[in-house]
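Enquirer: What follows is a structure written as structure tokens; I'll ask about it next.
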Amino acid sequence: MAELAVGLAKSVVEGTLSKAQAAIAEEAKLRDNAQRDLVFITGEFQMMQSFLKVANTERVENPVVMTWVRQIRELAYDVEDCIEFVVHLDKKSNWWWRMICRCISTSLCISMSLPLDEAVDELEQLKARVEDVSTRNARYSLISDTGSKPVVVQQQQPAPATAVSMLINTGKRQQQGDLSQLLADDKIRVISVWGTGGDLGVTSIIWKAYNDQETRQKFTCRAWVKLMHPFDPDVFVRCLMVQFYANACKEQEGELIGVDVLKRMSEANQSNYLDEFVWRVTTERCLVVLEGLSSMTDWDAITKFFPSRKNRSCIIVSSQQQSEVASLSVGLPYQVLELNQFSVDHTIYAFYKQTSQGEEGAQTTTDKRKEAQDWMTKHALIGRDSEMIHLRQYTSKARFDGFHVMSVWGIAGVGKSAILKCLFCDTILRDSKLHEQHRRTQFEKYAWVDVSYPFNLRDFSRSLLLNFHSHKLQGHTDCDIDTVGSNNPIVECRGILEPGKCLVVIDGLQSVKEWDMIQAELVSRSSKNCIIIITTEAGVARCCRGNKGELVFNVKGLQADAAFELFKTENAQEQQVLCLCPAAAAGGSHSLKELAAAQTPAQRRRAQRRNYELPPITDNETAELEELISKCGGLPKVIVDIARSLATKSAGRMEGARSINGKFMDHLENNRVFNTLHGLFTWMHNYFRTCPDSLKPCIFYLSIFPREHVVRRRRLVRRWIAEGYSRDNDEESAEHNGEKQFSELLDLSIVQQSQENTSVADMRMVLCQVNGFIREYIVKRRMEENLVFELGYNCTLTTQRSGRHLVILKDWERDSIVFKSIDFSRLRSLTVFGSWKPFFISESMKLLRVLDLEDASGSVEHQDLENMVKWLRRLKFLSLRGRCEIHHLPSSLHHLRQLQSLDVRHTSIVTLPESIIKLEKLQYIRAGTTDVPVSAPPPRPHISSSWFCKPGVLVGVKVPRGIGNLTALHTLGVVDVAASGSKTFVKDLKKLTQLRKLGVCGINKKNSKDFFSAIKDHVHLESLTVRINENNNQGCCFKKDHNQGCLEDMISLPCKNLKSLKLHGLEESLPKWRSNQLRKLSKLDLEMDTLTGTDVKFLGELPQLSILRVKQHQDRELSFRVVVNNEEDDSYRNVKVLQIACGCSSSNLHVTFGSSTMEKLELLKVDCCGGSPSYQFSGLENLGELKQVLLLNSSNAETLKLKLQTQLTKHPNKPVVKLEEPRPSS
């Protein structure tokens, strides 16, 4: 995590530099000496920033350097805080204070110093600290002249850490084992033993296995040869023959002295002993140990003496610290087994590769169809039905595309290869069935290739060629090239691919450079092939598709229910295998399934007669296991490994689960049982090392939210902006950069879709949660960086408890004495979950930027709000969302001069204070609600009647005159236009030209023209919500209120950038927009009396519409069938989510879907508010992509659920019908 710490420091230093440079430009607020100090500090930070940019892995792992990096980061935080204080001082207040000082005594002025004086003094102190940090660098020689490496004397290591990591990670990592078990495997021909810290222990490990009794019996000829340099073939063969004679005679005649061996060698002439050597190495089973192999030149010469190893002979190589020789002598792709770890710096590994039966020539394997059938039987996918449907569609599209390539990517351990292997086998079986029916198949040849590293195109082509000819799903690469018919594998592969119909899967591609080589030589645009790339890199995946990026599939983690089902399945299967093979858990590195498979049929039948029954999982166990599985983050690799490890502890399964739960990440990183997860941790380490520095603080910040806690996307982005993690640049706004950062974390499954979120593929996510596995990984490291600390049930409070971000959890005991003992002087964010207490706000929290009470409970009193404004003057983000006990904001709100985001949504606030217009930096105001709070105050004369309509109606707040002064606003809503004074508000609204999201209610025929005229030049507007005022709403359906036609002026809106539109309170029809006016609209929410046929046709032609919500109040048919010239037309082509609702429970609504409408619809939501309205559905079978039907507000919707389940029984996708309570509006 050193790279992550450096990334955090880079981000903080960059933010501090930008603020310092801006402050220098504002000379009016700074004295000359402060100006000079800032210039000096800026220069020093630029040098520190340059150091951080060139800091490589080798350097940052130096503890001295890491300490210095942390000091830089803390210093940068303090400088940034001081600069913000200076820049945002109130100039007018300072002027008045100086005038008063001239009129009173000098001593009193000295005793009551100005804020600017304090800031200047603090800058001088910070300058001294910066000088000290800089001299500390020189004192410890942390930066060399070249900037390439710290000048620190270190012991010379036999192999650099980076080389070791690359070598180990290239192979398939196995858990710890013994060299003897490799010798017992008949498929292994070469074993290379190598130590990361030198030769210590290597010889003893080989010697023990060499003299093992089972090894001696297995290999009739054994020899241990120390290689000479330069290599002498004659001496080499003589040494081998001496060893063969000696070891053979020992077994037959007992101990034989060396003189007798020499006599036997002297009796044989040159020709005789060479002939005998050839006979022994070709017919006898030999074990040869080669000590001191130092080059591939020697290895190439040695292999000439062993032309064939089909007699199950084995060579053990000791490579004298030559890591590259150790791996290359085995061949690619190799596997790695840890033999022993003597220390952190010295571990001994064995490199080996298993050959296939086809290479042995022992027997002919079954064809690919049988292999595919066996694989599908043994590896049933769980929770991946949706992915399989999409991938089948992608495969078909790729074949008929001009560029026959699709790519699949995701983080390590997420299950990419398993899904694609299932698709691969499924395609083989489908084509085989078509072939039997004498029908045209999709493909004729199939190949799955694992990319080996270091990459070589010729080796890759050889592996691909072998897989085309192999009867197995995956062939091996060390087969003689003659068996596949060409001495030039690249040309041979090209000859197969160009004319053929081939399905090729390339697994493990890591860079664009390798793809360019493959594409140039092997990819033909004129063929009917489909090439599927599997990678962990998003950039590689997109590059493989070139400028046609639509066939790039991102694999995400499993949802919670599927993850638990996978755990139960794997755990049960492993326990059943354990029953068949009780000794399986005794030891060895083989899996239980492999050991059980080695049993004879008679042994398996005897085990099955025991009638072993798996113990059921109790409710208490379920809670413990669900907590454990949630920490796996939906990663199948982690879930399966934990399930299998617990299977070996069936008697103490829950004790094992509790143990892992207690120290989850420690177990997975350090327990050898989980060594198979090494590749996942290596990927995470590499990702954090190479990911953009701007993302690193965002990732650390995610650990603020508890595991499985649902977070709104916009809330997270706004907090990043307030913390300075997402900043404006020359090209994009901070908001846009924050959304890009969120999308990147979402693609990597670091942020995941929550269970409550019902978004579908390629849709913008509203609710999310932090990946449990990533969170555990971060939490283990965040205290090392002194960033986030929690107050929870198990926390240990000491005098050292401090940090930049404080999280108060629900289960903390709320001890005010303990709380007040904590140092809050550097605190930047406070997030409260559970009960709110007034003492959570402290006068010492002067640097607090973020105060988030969205997940708090209890009563926030008005005095608490007054204290927030009084003490927390640096606040940039304030969220009181959901605190319905709050009726007013303090009139002193204007003191929060740095406030950027104010969220009072779903509170009882009906009027924003007049002082809010002084908050010039305010960008984001969210207010209003969709329900009238129970504790709302009685109506006031200036409040619109729309405030007090029935629950579920959009209501807004009154804003003061002068709101137009907040020209930085880009989000404003919901505003009650009528209550705010229509003419006044409209005048202010014209000034807010940077608005991107606007929500209003109280629109009527009197003010609609002025309102739409005010926003006609708001070209940046992307989201608009309009609620038409209703005067009569006693019944459940609308009454005529003479507001029809008030949206006529909406036709002239600048809709070219509009992506989301909500229109509530319409009566008969939509405005008469032009066909191309809403070309970017992707989300539409309508509430109206009735949706006419003309409206249905217009909406069906919107090209980007993907989410449609319709609430119709009149009883009549709602038909999504568009007929043109007596023929049904394709309509709603891109709609994936549809939500419909009746006006009230007495409504009768018949919903019809045509045969050519909403062909991509995946999610259908039906609002059952007020009971169970009478819904009828026709044409559900036409919704070919339908996956789920959700019944909202569904406490009484069981009848409708049964009816829909009956209708959908014959649907090919078998959509799920679920009851779901509504979530709060975002």
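Backbone N, Cα and C atoms are what each Cβ position is placed from, and that goes for glycine too.
Automatic prediction, not curation, is the source of TrEMBL annotations.
As listed in TrEMBL for this protein:
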type	residues	note
DOMAIN	12-94	domain 'Disease resistance N-terminal'
DOMAIN	181-348	domain 'NB-ARC'
DOMAIN	401-574	domain 'NB-ARC'
DOMAIN	704-765	domain 'Disease resistance protein winged helix'
DOMAIN	827-933	domain 'Disease resistance R13L4/SHOC-2-like LRR'
DOMAIN	956-1216	domain 'Disease resistance R13L4/SHOC-2-like LRR'
Enquirer: Sort the residues of the domain 'Disease resistance R13L4/SHOC-2-like LRR' (827-933) into helix, strand and coil with DSSP and give the three counts.
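Expert: Counts, helix then strand then coil: 23 helix, 22 strand, 62 coil.
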Enquirer: Considering only the recorded stretches 401-574, 704-765, 827-933, 956-1216, state which has the highest number of Cβ pairs under 8 Å to the domain 'NB-ARC' (181-348).
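Expert: Going through each listed stretch, the top one turns out to be 401-574.
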Enquirer: Under 8 Å, at least 3 Cβ pairs, sequence separation 6 or more: does that hold for the domain 'Disease resistance R13L4/SHOC-2-like LRR' (956-1216) versus the domain 'NB-ARC' (401-574)?
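Expert: Taking Cβ pairs at least 6 residues apart, the domain 'NB-ARC' (401-574) and the domain 'Disease resistance R13L4/SHOC-2-like LRR' (956-1216) are not in contact, as fewer than 3 fall under 8 Å.
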Enquirer: Quick one: mean pLDDT on the domain 'NB-ARC' (401-574)?
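Expert: Mean pLDDT, the domain 'NB-ARC' (401-574): 84.
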Enquirer: Pull the DSSP breakdown for the domain 'Disease resistance protein winged helix' (704-765) and write it out as helix, strand, coil residue counts.
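Expert: Result for the domain 'Disease resistance protein winged helix' (704-765), in helix, strand, coil order: 26 helix, 5 strand, 31 coil.
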